[in-house]
There are 2 protein chains.
Amino acid sequence: MHSSLPSNLPRSQDGFHWTPQEGLQPGLPSLGVITPETEIKQARQTHDVIVVGAGYAGLSAARNAAKSGLSVLLLEARDRIGGRTWSSNIEGYPYELGGTWIHWGQPHTFREIYHYGMKPDLEVSQDHSRGVNRFDLITPDGTKSMSHKEEDALLESAVRKFIDVDGVLAREVMPFPHTPNANPDIAKYDKLSMADRIDQIKDDLTPSELAALEGFVLLCSGGKANNTGFYDIVRWWALGFYSYQGILDTCVTYKLRGGQSSFARRFFEEAKATGNLSYAFRSPISRINSRDNGVQVIAANGKQFTASRLICTIPLNVLGTIQFDPPLAPAKQQAISIGQINQCSKVHAEVRNPELRSWSGIAPSNKLVYAFGDGTTPRGNTHIVAFGADVNPLHPEEDVAVTKQSFTDLVPMDIQRVVFHNWSKDPYAQGAWCMFEPGVGTTYLDALRARHGNVLFANSDWATGWRGFIDGAIEEGSRAAVMAQEELGTAKPVSHRL
Amino acid sequence: MHSSLPSNLPRSQDGFHWTPQEGLQPGLPSLGVITPETEIKQARQTHDVIVVGAGYAGLSAARNAAKSGLSVLLLEARDRIGGRTWSSNIEGYPYELGGTWIHWGQPHTFREIYHYGMKPDLEVSQDHSRGVNRFDLITPDGTKSMSHKEEDALLESAVRKFIDVDGVLAREVMPFPHTPNANPDIAKYDKLSMADRIDQIKDDLTPSELAALEGFVLLCSGGKANNTGFYDIVRWWALGFYSYQGILDTCVTYKLRGGQSSFARRFFEEAKATGNLSYAFRSPISRINSRDNGVQVIAANGKQFTASRLICTIPLNVLGTIQFDPPLAPAKQQAISIGQINQCSKVHAEVRNPELRSWSGIAPSNKLVYAFGDGTTPRGNTHIVAFGADVNPLHPEEDVAVTKQSFTDLVPMDIQRVVFHNWSKDPYAQGAWCMFEPGVGTTYLDALRARHGNVLFANSDWATGWRGFIDGAIEEGSRAAVMAQEELGTAKPVSHRL
């Protein structure tokens, strides 16, 4: 254990940590690391359900299936739960390496927050009560500073112009955000990229609106202007109660005091407490065979497991690395070969600048396009969270000097610690939260959701509601568990149109 | 079955129906009526859990407990499920007698909508695409007509002035709407009545803003200006994403095509399918005894039932009719004697005026203070839904001429049918959705939520989130079921801070 990483927690191989004293070190301590890594009851025997992947989709599926009395084997490639959402506690402070913010308007998530009694754990990222209390719009022409009220007005104006293709702020385009393709004309809007849409409205935007909009939309997408589907930005808008404030509230405001891994852990512990859960971490798989009487999965180390059903929660961008027999349907294969476009780089800095607690910035031409004060560490330092996008990719571990420069190009700061997980280079993620290029959301959603024999697919990447969010993962895991329960006889059918 | 009530559905004793041909008739057909009314397995034997009340709280509690393997006896005073939420299908068209609108920002509800595959059943009440497309503000000085866009602007301006006691539109007063008393200063705001708050801002309101605000707030409260707590209106605002549009979206926009009873029925059927549910409808109870080893309940007909735990979902205003032994704690008794103040009168009219499909009106001095076009019936008529408040009480069955006049005082219409349920005169409701007078929400919420020996209390009237809504009922039923499961050993503790 490094001196700069004081923690009683076991350490994941995932993530990176840099301090001036220690330099760059791989691995981070986390509540999400499971020890011992394997606990398989009734070895060699078949299970009712194998769940592949222990992110929120897999955890929800495994927990619900185990609670209904099914025997479950959970296989996870990593040494930890949480998938693209996990937190590392460093000096008692949680850094969120992936998914972070939740909101009571995310129904699957908030039902779980109630279930686990975690409402008192909610806290607000932003604190505008102290420090510079300022927003900087940073472009090659220089930095324009303004109040957060002005920031909100600027972005609200720009985002409304961007969204308003139907004169009713997308309520016609997407009248039911949890049924995103309900409008039969939706494919028309799904042809547009973010760049196409900006092109349509650019004469209506001030230079500041354009720069702020580019930064904001790149924050949402983690991609590029020309491969980010306009449809997916409309989706966030509709899910965010058709308002800019709603997007802020739902996507970058409320987080968990103990970190996301404290939440994920509850799912795992509840599943374990049923007595019906076996699990093996550090167990990547290579092959899934669907047979008439069940499924067979072959791990990378050659071990084989069988079950009546398999719930595959492997992310879209990773599915292509798994061999399926029989082969997947052509539409699913096409969707997998297209993938999703989010290569966001999320990086945390602990900085000796208490005044930045109330700072935020957008810099569409920088390697980090969006950043803000996200907390105060136990040392009294400010925690800055920052996001880059694929348009100007940052792989923070490749050159820490470049990474630090990407922060200080935003605003001067004295960096004492950098923490991150490179999702692009992670073989089990190959990207961040799901964002589609134009056409994919309307063409391939059903194919991605379709079963393959006795294999069910559950991942936030093809959720119908909060796709790409924690909420979508829980939605999907719950859907798959109900299907397995109904088919294996522990529940009577209740859901006729899932 | 009356000719004007063609329906294959069994008929509840609840509700009233009027047509020019048949006059006033009690009783309405509903999917929520359960036949046969009793099915008790293992007669005389004790159950794990008795659930008293089959509204959404009781249905959620009974279903979750039964799914976890507990034997459940559900006792309901009425002949139907749903409590203060039920629908009557008349000529294939669902009239919602009580709770109606739901939204994806209501987490407990929408999780169930997903669970039952009912997302495609969502529809929008308002249709501004045809007809007069007009809002009327009706006061003793006359009627002021305007567009719906102007209606929204008027109400948004008025409601924002009403809410904005902290300069940040109540985000400081109520930063976490699902933890409504999180702000230690909340009691200060809970001293104010709606009338007090209007008094503070009346110099800032135009006459139209004042009239619109009075009508809107009376719609929310169903009470009077001087007994409606300002706190409870702030609560709706905060739950509605701190915006007027959010209140509209969450409270009066999205409903279920098949009616609420089609939703409630799913809970009941799923509970029944477990094989663990016994039930008796038309079984009001008179007494609940909590003993060291369990509970005993005595029905009004003298029958006795015993169980290890009892989940009491009787509404606040009815709890005083039940004898508890030992007596309830003093704080709970005080809260019961104060009760909740909503005596809303909700009345439906089917009218021969297709042009009113896009009409809405507010009339703060009328017996019906708020009304709008809510649907088109199979005959091509318009369905108008209207709400009265206790300030000017309307008991629609007492004099149908007065009831009809209350509609035609709003706007001329040719009334062909009137449908309603008088919640004030209903012995098992004694009021509509829960609204508190000043001070009650901050003083008595914990007392109302507290258990009494082996009796657990679950009702939307003391939910922490969407109190008074369907969502709060599901929240509460789920909470009680988890407690019963943990105490009776079918689940390990997961919720440490409920």
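Here the Cβ of each residue, glycine as well, is placed from N, Cα and C on the backbone.
What TrEMBL says about this one:
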- A:E76, A:A77: FAD binding site (BINDING)
- A:F387: substrate binding site (BINDING)
- A:1-11: compositional bias 'Polar residues' (COMPBIAS)
- A:57-482: domain 'Amine oxidase' (DOMAIN)
- A:1-21: region 'Disordered' (REGION)
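On the structure: features taken from TrEMBL.
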| residue | record | Cβ within 10 Å |
| --- | --- | --- |
| A:E76 | FAD binding site | 28 |
| A:A77 | FAD binding site | 19 |
| A:F387 | substrate binding site | 21 |
Rounded Cα separation (Å) that holds between A:E76 (FAD binding site) and the residue listed as 'substrate binding site': 27
Rounded distance in angstrom between the Cα atoms of A:A77 (FAD binding site) and the residue listed as 'substrate binding site': 26
Where A:F387 (substrate binding site) falls in three-state DSSP terms: strand
Secondary structure of A:A77 (FAD binding site) (DSSP, helix/strand/coil): coil
PLDDT averaged over the residues of the domain 'Amine oxidase' (A:57-482): 97
